[in-house]
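Visitor: Can you keep this structure in mind? I'll have questions shortly.
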Amino acid sequence: MSDMDVFAAMGISGFGKALKKKQLDPNRFDKNKRDDVRHFGSVKEGKPVAGPSRPQTTATPPLPSTEDDSEDEMGPPPPQRNDEDPNAQEEPEYNLSDFDEEDDSPEFPITHEIVLKDHTKVVSALALDPSGARIVSGSHDYDCKLWDFGGMDMRCKPFKSWEPASSYHVHDLKFSNDGQKFLCISGTTQAKIFDRDGEEQATYIKGDPYIRDMKNTSGHVSELTSCAWHPRDSQTFVTSSADSTIRIWDIENKRKQKTVIVVKSKERGARTKVVTCGYSPDGGIIGGACFDGALHMWHANSNFARPNMTIEGAHTKNSETGSLVFSVDGRTVLTRGGDDTVKIWDLRAFKKPLAVRNEAPTLYPNTNAAFSPDDKYVITGAGAAAKGGSGRLLFLQKDNLEVVKTLEVGATPVRVFWHSKINQIVTGLSNGEICVLYSPETSLNGAKLLLNKGPPRKVTVEDMSDAVTAPHIITPHALPMFRDLEPGRGTKRKREKDRMDPRKSRRPELPVHGPGKGGRVGASATQHVVQNLVRDTMRDEDVSVCCHRDSSLVAFVLPFLLFLRFSAVFVLGYRCETRSFQGRCLWCDRP
């Protein structure tokens with residue numbers, strides 16, 4: 001006898017109250033469907049649907065019973081053979097090509113979208129953590145914002161917003177490989193690291209701007225432009241700057257970088273602005289694009305004295321290259337130039353591009369390009385033709401950069417990120433919006449979590465705490481300040497304690513003893529002099545006591561004083577005869 005049978009016999013059907021499961025609306029994603037795909041149905045009538053084939057059964061008349069049939073015979077009658085019934089329909093064969101042509105599952109996850117709106121200016125930096133649960137965004141409004149798909153509701157607001165570098169634009173953001181921290185690069189000379197909750201963990205040193213040789217400085221001396229994490233070493237990252245250097249940092253050493261790569265330009269002055277940098281997937285190559293149009297590659301195990309591979313004029317001179325991305329296999333490099341071009345390069349033949357895509361307007365220097373998760377396509381943004389117009393997302397073939405699909409968005413796309421785990425495309429626009437494109441069929445979590453929660457449940461009285469629902473009854477005399485206490489009853493200890501308190505007893509300040517006490521430095525200089533004068537006076541001493549104490553001194557000094565007296569009279573008398581004015585002595589004023 002099973003346990004459930006025992007519980008049923010005892011009248012126990014289960015433990016606790018069975019919760020009613022929330023039923024989600026199957027059409028909940030339709031409200032976020034884009035307008036350009038709203039007229040397409042998910043299943044077309046009269047067309048086969050991809051899936052296992054099912055045999056089509058036909059109605060067969062029952063066989064007439066015969067007398068020879070025995071009652072012990074069991075089971076259904078045998079089916080009628082097709083050769084006996086020529087009108088019977090055959091089972092259609094499964095043809096894979098039919099479903100490939102009519103498969104409605106989208107190739108790109110762009111059928112639905114949600115908009116995250118909280119920035120006031122162009123979104124210049126964008127990053128997702130490796131799990132696809134959080135977005136960090138930076139803008140020209142000086143703010144960084146953290147968005148969490150699991151904690152957001154339909155209002156789509158960030159859970160934290162702050163200014164990482166006061167009044168400086170945010171240029172680049174990159175999550176680490178473990179997703180526990182991210183790099184923040186702004187217009188300052190110092191890189192910062194924050195944890196996934198937005199708390200600052202480290203600020204790295206800035207260099208001395210008066211040192212000419214960039215190898216001798218401990219940090220950057222000009223504004224930062226880009227950053228990249230080492231793909232295999234979570235303790236290493238690189239930063240590029242307008243001071244013509246790429247610096248390799250150890251995350252634990254905030255006082256000095258590990259290595260300095262000085263980029264030399266062929267232009268006069270031998271310096272150029274390094275606008276972007278990046279690591280290859282295996283971490284063996286460091287790439288950098290410069291303002292003079294050059295593209296450089298260094299091996300990570302070299303001495304960085306000069307680049308191992310260089311292309312002068314990879315992009316137009318004095319144009320800012322928005323991004324430099326390596327493919328998954330590490331053989332090709334994708335660059336998005338400020339000269340309205342997208343180019344792909346082969347590191348095995350690093351002389352000219354494999355393919356070039358023109359007519360991709362670039363309105364912001366941070367415009368980037370990225371590979372698709374399957375490494376077959378390239379996605380980038382194209383600016384609006386007129387001010388306030390709509391921008392475009394371009395889906396290009398990786399081999400020849402031919403346009404496969406064009407998607408119109410509300411404003412100029414600046415930053416594009418195609419996440420491989422959740423298969424969703426996150427785009428930062430010039431109007432401050434972040435557009436998240438997804439497909440209910442091929443995407444996983446991410447933006448779908450907002451609609452999977454279902455409508456919010458109505459708040460009932462039981463959900464609220466007793467402190468909120470219960471009425472408050474306050475009697476005035478129940479409060480300590482209004483309580484009437486009888487004097488002499490229960491207040492003795494309180495009065496003694498108040499007596500020891502200098503504030504409650506209003507005790508005057510005690511005189512200061514020593515050099516200083518209680519925050520006071522003692523008496524002033526004038527008081528010090530006056531106190532010493534009063535302390536040294538002899539008006540309160542007895543003369544007889546002093547004479548008796550100094551009798552020996554008086555006996556010796558008195559004859560000497562008498563001698564001086566007579567000598568003075570003789571001298572003054574002589575001087576009175578010789579030095580007089582109007583009949584009076586100039587010394588003693590006698591006639």
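Placement of Cβ uses the backbone N, Cα and C atoms for every residue, glycine included.
Straight from TrEMBL, here's the annotation block:
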type     : residues : note
REGION   : 13-106   : region 'Disordered'
COMPBIAS : 22-47    : compositional bias 'Basic and acidic residues'
COMPBIAS : 85-106   : compositional bias 'Acidic residues'
REPEAT   : 116-148  : repeat 'WD'
REPEAT   : 217-259  : repeat 'WD'
REPEAT   : 314-348  : repeat 'WD'
REGION   : 482-524  : region 'Disordered'
COMPBIAS : 497-510  : compositional bias 'Basic and acidic residues'
TRANSMEM : 553-574  : transmembrane segment
Visitor: How about long-range neighbours of the repeat 'WD' (116-148): same chain, 6 or more residues beyond its ends, C-beta under 8 Å?
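Guide: Counting only partners 6 or more residues beyond its ends, the repeat 'WD' (116-148) has Cβ contacts under 8 Å with 156-175, 177-179, 182, 184-186, 194, 196-198, 364, 366, 414-417, 419, 421-422, 424, 426-436, 444-446.
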Visitor: Which residues of the same chain, at least 6 past either end of the repeat 'WD' (314-348), have a Cβ under 8 Å from a Cβ in it?
Guide: 273, 275-282, 284-285, 287-295, 297, 354-362, 364-371, 375, 378, 380, 396, 398, 401
Visitor: Please list, for the compositional bias 'Basic and acidic residues' (497-510), how many residues fall into helix, strand and coil according to DSSP.
Guide: 4 helix, 0 strand, 10 coil
Visitor: Restricting to the same chain and to residues at least six past its boundaries, which positions have a Cβ under 8 Å from a Cβ of the repeat 'WD' (217-259)?
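Guide: Contacts with the repeat 'WD' (217-259): 171-172, 174-178, 183, 185-191, 193, 202-209, 211, 265, 271-283, 286, 288, 304.
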Visitor: Within the repeat 'WD' (314-348), what mean pLDDT does the predicted structure show?
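Guide: Overall, the repeat 'WD' (314-348) comes to a mean pLDDT of 94.
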Visitor: For the repeat 'WD' (217-259), how many residues does DSSP put in helix, in strand and in coil?
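Guide: Helix/strand/coil tally for the repeat 'WD' (217-259): 0 helix, 20 strand, 23 coil.
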Visitor: Count up the helix, strand and coil residues in the repeat 'WD' (314-348) according to DSSP, in that order.
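Guide: Helix/strand/coil tally for the repeat 'WD' (314-348): 2 helix, 14 strand, 19 coil.
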Visitor: Under the DSSP assignment, what numbers of helix, strand and coil residues are found in the repeat 'WD' (116-148)?
Guide: 0 helix, 19 strand, 14 coil
